Each structure stands twice: as structure tokens, then as C-alpha cells.
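**Q** According to TrEMBL, the transmembrane segment annotation covers 25-48, 60-88, 94-119, 237-262. Taken from TrEMBL, the feature disulfide bond applies to Cys157-Cys190, Cys158-Cys174.
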Amino acid sequence: MARRAAVPAGPLGDDFSFVSPVAKYLLFFFNLLFWMISMVMVAVGVYARLLKHAEAAMACLAVDPAILLIVVGVLTFLITFCGCVGSLRENICLLQMFSVCLTIIFLLQLAAGVLGFVFSDKARGKVSEIINGAIVHYRDDLDLQNLIDFGQKEFSCCGGVSYKDWSQNMYFNCTATNPSRERCSVPFSCCLHDADQAVINTMCGHGMQARGYLEASAFIHTNGCIDKLVNWTHSNLFLLGGITLGLALPQLVGIILARLLINQIRDQIKLQLYNQQHRADPWS
């Protein structure tokens, strides 16, 4: 049954409004906060992009963190702009766009989580594909290089499945025809480091792909990052659940506030139409 505003017995004062100032300004400041965050994201992404050489920028668009930051920032900017202006101007059209966009994003995140859980093998294959692509473009993008080094050091791993995956990179390729000085090597982030070591030897991974697992394990991490990542995910399900809930709650709050404000604005429009009709025909 459709929701209907209660029709008053007589015309209410012009100062009366169904629109709650609390809901209106709470939604406005909620969107204003994320609007400013989105501008910072876009600024950081553009700045990081401009610092790169054109060749490196075109080499790995699919895995460039700066591009991802810009895209997410622009989408967030547009959605929160609709929420800000829509709540401040009490514009039903903008509030509807804001509510629908948030609902779609929320449902896509929910679907991605369910599909990732149900089709975990395919999700693992996709992660493996992304990691292998990142290995290929390791030297092409400084941001990507720093991200891979950080991941390998944090998870104490090397490559996707094993350290020999680094042969996919043209600089670390282990074929005899590779003229690179890094032939058969792995990045320094694969190396075992002594806690007391003050200076990092960036050449510690030299020639490690030419060694067997047991021999190489004395100098570098030989296990791949995919298994390490899967094990970390299984061990931190509560943490990941908390992060997911933390991302979902603001979206749900925004959707609820937007729907509440839309209904209040519609009630206010009905009241204004009723008052106009009553003043025009007091005997009706």
C-alpha cells in the first residue's frame, strides 16, 4: 500500500514543514564529508599520474593505483554532489539519483562478496591473473613496484605461485638470450632480512631463480604470495568482516536518510498543494 500524507483538517501555517532539519542537514554534512574526501582522492591520483613518464603510464593502465584512485574519487564526487545539493535544495530528483547509485553500489559489493565466496577457485584464478600482470609490469610503474615490494615484504612471499614466476618479467627473465643484468634474479623484497641489518642489499636476489628451492630458501622467500594471501584471508575473516561492515554502514545510512527525506519532501508538496486548494476554495 502506498504511503500517504495525513491530510490536515484545515490549512497549516506557512512555517510548518514535514521536512526534518535534522535529517536534511545530517544528510548534507554526511555527503559533504565524503565529497571533500573524494576531491582529495582525485587530487592525489592526478598528482601521482602526472609524476609518471608517458611510456610507463600507457604500459599498465589496468593495474595503475593512480587510475583506480581517480576513478573511485570521481564516482564518489558525483554521487556525493547529488546528495549534498539534493538535501540542501530539497530536490527529489537528485536525492533519487543519490539513493539509487548508493543502492546499486551496495548490491554490487554484496554480490561480489557472495560470488567471491561461492566461486572461490575462480576468484583465486583472477587474483593469480592480476598478480602475474603486475609482475610483468613491475619495472614500468614506480607505484606498482612499491606496492608489490610492500606486499612481498609484509607477507614474506615471492612471486605468484613461487619465486620463479619472476621469470615472466623481461628484466628478470631466466632465458639465456636475456641481456639484462638482473637475469634470473628476483626483487630485493623477496630476500630474507636480518632484523639487525641496517642497510638493505638491493642485489640480494641476484641469480636466485637459477637455484633450487632448498638452496634458494636460505636467501629468499620461495613461497608465492597467492597462498600467503589466501591463508591471511582465512585467518582474518573477522577483521575483513569488520572492514566490510564499516564500508556498508555509511552507505546504508545514506540510503535511509535519502529515502526518509524524499518522503518528507513529498509530504510537504502535498501539504502545499492542499493549502493552495483550500485558500482558493475555502468552501471545499
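Numbering starts at 1 and runs along the chain as it is shown here.
Any Cβ shown, glycine's included, is placed from N, Cα and C.
Any TrEMBL annotation is an automated prediction that lacks curation.
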**Q** Would you kindly give the Cα-Cα distance separating Cys190 (disulfide bond) and Cys174 (disulfide bond), rounded to the nearest Å?
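**A** So the alpha carbons of Cys174 (disulfide bond) and Cys190 (disulfide bond) sit roughly 17 Å from each other.
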**Q** Out of Cys157, Cys174, which of the disulfide-bonded residues is least crowded by other Cβ atoms within 10 Å?
**A** Cys174
**Q** Whole-number answer please: how many Å between the C-alpha atoms of Cys190 (disulfide bond) and Cys158 (disulfide bond)?
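**A** Pair distance, Cα basis, whole Å: 5 Å.
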**Q** Let me check the 10 A CB neighbour count of Cys190 (disulfide bond). How many other CB atoms are there?
**A** 25
